[in-house]
Amino acid sequence: MSASWADVADSEKAVSQSKPPYVPPHLRNRPSEPVAAPLPQNDHAGYGGQPAGSRWAPPSSGGGGASGGGYRNDGGRTGYGYGAGGGGGGGGGWNNRSGGWDRREREVNPFGDDAELEPVFTEQENTGINFDAYEDIPVETSGGDVPPPVNTFADIDLGDALNLNIRRCKYVRPTPVQRHAIPILLAERDLMACAQTGSGKTAAFCFPIISGIMKDQHVERPRGSRAVYPFAVILSPTRELACQIHDEAKKFSYQTGVKVVVAYGGTPIHQQLRELERGCDILVATPGRLNDLLERARVSMQMIRFLALDEADRMLDMGFEPQIRKIVEQMDMPPRGVRQTMLFSATFPSQIQRLAADFMSNYIFLAVGRVGSSTDLITQRVEFVQESDKRSHLMDLLHAQRETQDKQSLTLVFVETKRGADTLENWLCMNEFPATSIHGDRTQQEREVALRSFKTGRTPILVATDVAARGLDIPHVAHVVNFDLPNDIDDYVHRIGRTGRAGKSGIATAFFNENNAQLARSLAELMQEANQEVPEWLTRYASRASFGGGKKRSGGRFGGRDFRREGSYSRGGGGGGGGGGSDYYGGGGYGGGGYGGAPSGGYGAGVTSAWD
């Protein structure tokens with residue numbers, strides 16, 4: 001009699017119950033592990049999350065969150081997550097002030113692990129000035145109720161986390177610009193600061209900004225918008241300087257809960273948008289890219305409390321005035337007097353001060369003498385070289401430098417044109433001098449590769465246009481060569497400021513010929529002021545320039561003086577209607593509606609405002 005299908009099924013079930021479960025070969029002979037209890041589930045939390053209403057999930061549960069959460073919820077929108085809620089807890093998500101993950105726990109350490117933290121922080125110790133030799137560096141301040149300077153960082157209430165980072169940086173004491181600028185900014189005053197290159201200007205404005213944001217981190221941002229709402233924006237004229245400020249600000253803000261993001265042109269915008277979506281308290285940007293983000297409605301200026309312009313005179317002088325004015329006055333940025341504005345640069349000519357004053361309210365002008373950048377630290381040489389002899393003269397300098405300086409020493413060569421930079425780079429490489437170049441026509445990736453190659457010493461000669469002259473902190477630059485002198489003495493000051501940094505000595509060599517005659521007077525004055533030896537032939541050129549109306553350098557030992565203290569700036573009403581007194585341009589004193597009585601605040605008869 002044949003067995004039924006039910007009997008066959010029962011017999012197979014009995015056999016299967018008598019067989020041990022199959023174990024793969026690589027797992028055999030191992031002790032069995034206890035089975036983990038199932039994770040709690042509920043209708044309101046994500047996978048493994050806490051019940052709704054709890055702000056934090058325990059570390060062992062793997063996160064999750066209640067409804068309203070998400071990967072990031074700056075504006076109340078739902079992001080990524082499992083279950084009915086999302087990635088964040090409570091009403092939050094990543095970077096939400098009222099809930100979600102603590103960004104400090106998830107922050108990537110920019111310095112590696114703790115063992116590597118200390119050496120990285122000690123790379124730059126009080127860059128720019130030999131403090132023991134320059135205790136008497138001249139400082140001028142003007143404006144009402146100027147806060148007194150401080151002598152140590154311990155005298156300043158910046159917050160525990162920021163003070164810890166300052167100690168990690170081995171910043172023993174504030175630089176002259178920091179001693180005066182930080183108390184002014186902590187007092188919530190607007191500031192226009194003029195200080196030498198390499199004097200610590202970046203830290204001077206970053207410390208108060210980070211400290212101010214740390215103290216008010218409970219402030220809620222608007223909800224229901226795709227835009228991010230930073231509390232501070234720092235504008236820079238070049239991509240390289242923006243990246244440098246970003247790196248420094250990230251170091252200062254480490255473990256403070258303050259998120260710093262950089263945005264600049266020349267690269268695809270998508271990666272920068274992703275960084276912004278992860279949260280942004282401080283936005284470092286170039287004017288063009290920031291305008292792009294504002295027009296896309298991906299960034300809002302509505303919550304801005306701090307506006308900083310680094311190398312402000314360069315931005316205004318390079319033609320960024322319309323873009324900056326649009327950002328500051330035509331978007332939703334709070335007006336001056338509500339936000340705090342700070343402008344920093346190594347030079348502030350009076351014309352630029354007049355423009356910058358439109359952004360500020362009852363500001364303090366701070367001028368720190370540039371003694372440390374031009375006396376003992378930098379030896380300035382001016383050599384008469386005809387155009388046709390410049391290459392051979394440069395080769396002689398480089399050969400002599402090879403014999404006298406160590407392998408770490410770098411040489412920065414400035415030229416006037418982009419084509420000249422490429423041509424000189426190729427010529428140096430053909431003559432067995434490893435060189436690279438940066439200028440405005442190179443892509444951002446090419447510029448970053450060139451700078452990295454130069455900083456590491458793989459190509460110890462960098463040929464550059466003025467794009468590299470402003471603000472960049474490149475260590476070990478022993479020699480700056482002005483292959484082509486600039487047309488303006490302020491650009492010369494910025495160029496030679498690339499050497500003599502971090503308390504190290506440097507050499508600045510300039511090739512001068514008849515084409516540079518208009519610079520002779522100001523160049524001779526600068527060298528005399530710095531106790532440098534002025535060649536007799538340069539003195540003769542300078543005297544000719546004096547008779548011919550050559551340009552006189554303003555500001556003396558400083559990069560500029562407060563134009564409000566000049567005789568041309570008088571707040572009387574007698575110049576109204578363009579008829580009173582005589583201003584800087586000879587077009588009428590300041591009275592009535594503006595400079596020279598112009599009803600719209602112009603600069604007097606015959607002078608076109610840069611804002612027009």
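Note: Cβ is positioned from N, Cα and C throughout, glycine not excepted.
Summarising the annotation, Swiss-Prot assigns ATP binding site to ALA195, GLN196, THR197, GLY198, SER199, GLY200, LYS201, THR202 and lists sequence analysis as the type of evidence. Neighbour count (other Cβ atoms within 10 Å of the Cβ, all protein chains): 28 for LYS201 (ATP binding site). Mapped onto three states, the DSSP output places LYS201 (ATP binding site) in helix.
Residues annotated as compositional bias 'Gly residues' in Swiss-Prot: 61-70 (among others).
Residues or ranges marked as compositional bias 'Gly residues' in Swiss-Prot: 83-94 (among others).
As annotated by Swiss-Prot, compositional bias 'Basic and acidic residues' applies to 559-568.
According to Swiss-Prot, the compositional bias 'Gly residues' annotation covers 570-583 (among others).
What Swiss-Prot lists as domain 'Helicase ATP-binding' is 182-366. Confidence in the domain 'Helicase ATP-binding' (182-366), given as mean pLDDT, stands at 91.
The domain 'Helicase C-terminal' annotation in Swiss-Prot covers 377-542, and the record cites sequence analysis as its basis.
Across the motif 'Q motif' (151-179), DSSP classifies residues as 16 helix, 0 strand, 13 coil. Per Swiss-Prot, motif 'Q motif' is recorded for 151-179.
Residues annotated as motif 'DEAD box' in Swiss-Prot: 310-313.
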Where's the emptiest Cβ shell within 10 Å among the binding-site residues GLN196, SER199, THR202?
THR202
